[in-house]
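So the structure is just underneath, and the comments pick up after that.
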Amino acid sequence: MFLYLLLPSLCLAQRFLQADETCYGVILDCGSSSTKTTIYSWPCRTGKVYPLTDIYQESQQLKTSPGISTKYPDEISTYLAPIFDFINSKVPVAQKQYTPIFMGATAGMRLLDINKQNTLIDEIRKQLSKSGYLFVTDSWARVISGQDEATYLWLGVEYLLGKTDGSLITIDLGGASTQIAFKVDYMQYESDIVTLTLPDEDINLYAISYLGYGNDQARDAVLAKSISGTQVISPCYHQGYTGTWTYQKVQYSLSGSGSVEQCQALIQSFINSQCRTVGDELCGINSIDQPSLPTSYSIYAVSGVATIANFLQLSTFKLPQLLSQAQAFCQMSWSQVQANSTYSANQYVGTNFFLSLYVHQLLSVGYNIPDTMQICRINFRDINAPLAINSQTPTWAMAAVQYQLAQIDCDLDSSVCQGSILHLIAFFCLMVFY
């Protein structure tokens, strides 16, 4: 299967502009555990923008929890209200009706049955269409594929780093899924190859997403193996930890036994990577073959991988370093963790035992990263800030806008080229050819 991302121009709004006027776009990234709302701006163009460093994140994201996929249709209006308040506070009133608003739902929505997906998406479309922002087609609010996520993240990191040779690997770990993407020179894994048409070349990108292997889904699956009645004693929590855990609408009392070896065994069983290496095929997550990683490439990790690397005070690291730091943390008792002011200040410290070992197993066993390769987490500006390169946050949403603008020649928007009328562009479509 080949995915061609075709991004045609669409005349959305018209008004006379000054040459230095700013255009805006709003993106709602609806993940499994939260919705991240980001406002982008760019100087209104008179020509193709490439490389795409002219698009800017206007402010810190608004993160709304829990994920929208946990809501019922009659709750969507209330859920979106503070999001619209945030957008209204950032976008000038005069620009509101000309500002496109787009929503993409990711793995959390993909986990739902198709009927619930459609019902929720229909209600979201209804709310966006009456928001006062520019929402001209239902395809502006949709469930995006995991392959889309992997592809757009790779593009975003490449653009922000200023790389021109495509020599990078991106890895993302969300709550419900994980993705990897890197450039390949062959079409052996045809169903997982995305062909990108960029201004200077066509790129074949190996991009794959594993639904159900995100941090939250993986932790639930591993904990479920330790259920005994209404209790769970898990080796993936610190010795002395106590709490509760809700799984499939049932609440369990949870306590930790703190065994690195037992937790690793449970995680490896979950990842289920048991097949042998054959040629340059490597057994990956769920025993699915993947291409060998180009060892000359740089690896950039975001989201859950970067979160735990930051927690363990790792920036650029190799897997043995990650494992050593993870083991040192996991061997602490819960009382020792709570006595450590740095660790105890982290709101997710209770689940970081699991995350630290899961990330190591995911990278080593799932993605077959050699111990000799370095992994770069995309730096935090501070522990609570989004991932950033030069103050920009590389996400699928940002990269989708970047890639979209890279595809569009200014002469397709004649009034923009003339410098007199703005045609805001924020529409993209996906065509799948077999």
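Cβ from N, Cα, C; glycine included.
No curator has checked TrEMBL annotations; they are predicted automatically.
According to TrEMBL, the features are:
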ACT_SITE  GLU149  active site, proton acceptor
BINDING   GLY175, ALA176, SER177, THR178, GLN179  ATP binding site
Checklist outcome for this item: Most Cβ neighbours within 10 Å, among the binding-site residues GLY175, ALA176, THR178, goes to THR178
Checklist entry - What number of additional C-beta atoms lies within 10 angstroms of the C-beta atom of GLN179 (ATP binding site)? => result 30
Checklist outcome for this item: Other C-beta atoms within 10 angstroms of the C-beta of GLU149 (active site, proton acceptor) total 28
Next on the checklist: In whole Å, how far does the CA atom of SER177 (ATP binding site) lie from that of the residue listed as 'active site, proton acceptor'?
Outcome noted: 10
Checklist entry - Whole-number Å distance between the CA of GLN179 (ATP binding site) and the CA of GLU149 (active site, proton acceptor)? => result 7
Checklist outcome for this item: Cα of THR178 (ATP binding site) to Cα of the residue listed as 'active site, proton acceptor', in Å and rounded, measures 10
Checklist outcome for this item: Within 10 angstroms of the C-beta of SER177 (ATP binding site), the count of other C-beta atoms across all shown chains comes to 25
Checklist entry - For the ATP site given as GLY175, ALA176, SER177, THR178, GLN179, which other residues of the same chain have their Cβ within 8 Å of the site's Cβ centre? => result SER32, THR106, ALA107, GLY146, ASP172, LEU173, GLY174, SER209, TYR210, LEU211, TYR213, GLY214, ASN215, GLN217
